[in-house]
Amino acid sequence: MRPENYVAFFTVCGFFIGLSFSVISVDEAFDILLSTCFITFMFYVFVHIAIMNFIDIKKISGRIFNKQDYEKTSNNIINDLVIREKKMDVILEKLNEEREELKKNEAKERRKNAKRAVA
C-alpha cells in the first residue's frame, strides 16, 4: 500500500476518534472543534512518524518510468490495431460484394419465376 493511503486512512480515523471523544467530554462548541483538530493533527503526525520509520519509500517510488519502452509498446499496439482495422475493412468489403451478388441473383430468380408463371 502506498504511504499516501496510510496518511489518508489514519487522518480520517483520527478525525472521527477526535470528534467522538470531544463530543463525549467537552461541552463548548469551540472546544469540541479545537480538540477534534488537535487529535486529528496528532494522528497525522503519528502516521508520518510511522511511515518514516517502517516504510521504505525507495522500494515503492523507486521505479523509473521508461518513456522509450512505453512509446515502443504503444506504437506496436497501434500498428497491430491498424492491421486489424485493414483486415476488417477487407472482410466488410467482401461481405458487401456477396450481399450485392445475392441481391442480383434473387432478382434474376424472381424474373425467371415470373416468366415461368406467365408462361
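Quick reminder: no glycine exception, Cβ is built from N, Cα and C everywhere.
Whatever TrEMBL says is automated annotation, not expert-curated.
For reference, TrEMBL has these:
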TRANSMEM  7-26  transmembrane segment
TRANSMEM  32-55  transmembrane segment
COILED    85-117  coiled coil
Requested in this report: For the transmembrane segment (7-26), find every same-chain residue at least 6 residues outside the stretch whose CB is under 8 Å from a CB in it, and list them.
Outcome: 32-33, 35-44, 46-48, 51
Query raised in the report: Other than its close neighbours in sequence, what residues sit by the transmembrane segment (32-55), given a CB gap under 8 Å and a spacing of at least six beyond its ends?
Result: 3, 6-7, 10-11, 13-15, 17-19, 21-23, 25-26
Query raised in the report: Do any residues of this chain, six or more beyond the ends of the coiled coil (85-117), have a C-beta under 8 angstroms from a C-beta of it, and if so which?
Result: none
